[in-house]
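Q: Here TrEMBL flags 7-26, 38-59, 79-100, 120-136, 145-165, 185-206, 218-243, 268-289, 301-317, 337-356 as transmembrane segment.
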Amino acid sequence: MNHTLNQWQLFLLTVSFLVGSSLLMAPNLTSYYSKQDAWLSMIIAIAIGIFINLLWIYLLSLYQYQSIFEIVETVSGKWIGSILSLIIVFYSLHLCSYVVRNVSNFMISSVLPDTNAWTFQIMLILVSLYSCYYGLNNIARVNEFLNPIMAVLFIASLILTLNRFDIRYFKPVLEQPLSTVMQGAYTTTGFPFIEVILLGTVFTYVRKKKKLMRSYLNAIVASGIILLITIIVAIGCDGYYMVSRTTFPTFELMRAINIVKLLERVEVLIAVVWIVGIFVKIVICFLAAMMGLQQVAKHHSYGPFLLPAGLLVWAMSNHEHSNTMEFTDFVAKNWTLWWFTLYFLLIVVLIIGVILKKNKRTDT
């Protein structure tokens, strides 16, 4: 199991983690509340996400980017540290199950409606577990190879929609009250800008950590810009009314592309970009959970935990929500608070550790 990463691989993994899961849903989540001002909500969410992650990575840098599991055990002691580690493990597997469910919702509603959801879920989980078994470097290399292809497909897809772009869809600007715009920003702060703290479990494997903070924050900014452009194009082409009433508006936007019957089903391009990003996110979630279990169990390998974790994720993905609307509603209303709870808990632990370290130095 090879877990080493370079700065470029970390940058691309962060972008895939952030963009992959949000590309199809972010326009819907923001425009539902902010309407034509969704672009402003996204800018606010990006700013909040940068601040949240700046504090997070700065505190981790004070620990020389140790694994978060090692840090919580050092600061809190073995028993409390183990409980905190298991909480992180649960959050990782819970996120993984939501991502798997999101993929199956998308496939059966938009691509292959006559196929059983379990087919996509089991295939995705098995491939992710296989990749996870071979370590972080394995998925980093795959992602490094696929990212340029994904970028070309994404840019080409957006360009092909620009002939429908109408600036009037954004008028009147700032028609919504600030509270409504902030509500739109709230939904996309947790999804995906707080979730990305899970990458704190792999920072310890990055070579040449001197520029780690810059690579990580640059990736967050780049991902935010990609999501902002996606929201602007979606609303500019279809209007907020259609975008806010479609679960996967980016995919539906691409469906309308038809160039003299030569290029049809262009929406498949955006689906490929999304699913590759989703795959990266699932593998990172599994890796974070496995590293936590390995730390708690003091085992030499996380291999024995892979299959049980996969079965748990599969079971959770099928029992959390009864339908797509319930799933989307939960993400829009509760996801940011749910993830901020973990973020706040870990920030408090990190700050306590820093204070204790300073007090020790003062005493000596």
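These residue numbers are counts, starting from 1, taken along the chain as shown.
Even glycines carry a Cβ here, placed using N, Cα and C.
Just tell me what is around each of these and how deep it sits.
A: Residues 42, 99, 102, 106, 137, 139-141, 143-144, 147, 188, 191-193, 195-196, 198-199, 203, 206-208, 211-212, 215-216, 218-220, 222-224, 226-227, 230-231, 247-251, 270, 273-281, 284, 328, 331 of the same chain, all 6+ positions outside the transmembrane segment (7-26), place their C-beta atoms under 8 angstroms from a C-beta of that stretch.
Within its own chain, the transmembrane segment (38-59) is flanked in space by residues 26-27, 30-31, 170, 174, 181-186, 188-189, 193-194, 196-197, 200, 203, 212-213, 216-217, 220-221, 224-225, 227-228, 231-232, 235, 240, 243, 343, 346-347, 350-351, 354, which lie at least six positions past its ends and keep a Cβ under 8 Å from the stretch.
If you look at the transmembrane segment (185-206), the same-chain residues 6 or more away from its ends with a CB under 8 A from one of its CBs are 3-7, 10, 13-14, 17-19, 21-22, 25-26, 29-30, 32-34, 41-42, 44-46, 48-49, 52-53, 56-57, 60, 65-70, 88, 91-92, 95, 136, 212, 216, 220, 223-224, 227, 284-285, 287-288, 291-292, 331-333, 335-340, 342-343, 346.
With a cut-off of 8 Å between Cβ atoms, the residues of this chain six or more beyond the transmembrane segment (218-243) that come close are 10-12, 14-15, 18-19, 22-23, 26-28, 30-31, 34-36, 38-39, 42-43, 45-46, 49-50, 53, 154, 158, 161-162, 164-167, 169-170, 188, 192-193, 196, 249-250, 252-253, 256.
Tertiary proximity for the transmembrane segment (268-289) is limited to same-chain residues at least six positions away from its ends with a CB under 8 Å from its CB atoms, namely 13, 16-17, 19-21, 23-24, 88-89, 92-93, 95-96, 99-100, 102-103, 106, 110-111, 124-125, 127-129, 131-132, 136, 139, 143, 146, 150, 153-154, 156-157, 198-199, 201-202, 250-251, 254, 305-306, 309-310, 313.
When Cβ-Cβ distances below 8 Å are used as the criterion, the transmembrane segment (337-356) is approached by residues 52, 55-56, 59-60, 62-63, 68, 71-72, 74-76, 84, 87-88, 91, 190-191, 194-195, 197, 200 of the same chain, each at least six residues removed from its ends.
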Q: Give the nonlocal contacts of the transmembrane segment (79-100) in its own chain as ranges (CB under 8 Å, at least six residues past its ends).
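A: Residues packing against the transmembrane segment (79-100) from afar: 21, 68-69, 72-73, 121, 124-125, 195, 198, 201, 278, 281-282, 285-286, 288-289, 292-293, 295-296, 309, 312-314, 316-317, 320, 327, 331, 339, 342, 345-346, 349.
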Q: Report, as numbers and ranges, every residue of the chain located at least six residues beyond the transmembrane segment (120-136) whose Cβ falls under 8 Å of a Cβ in that stretch; write 'none' if there are none.
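A: 1-5, 100-101, 103-104, 107-108, 142, 202, 205, 278-279, 282-283, 286-287, 290, 303, 306-307, 309-310, 313-314, 317-318.
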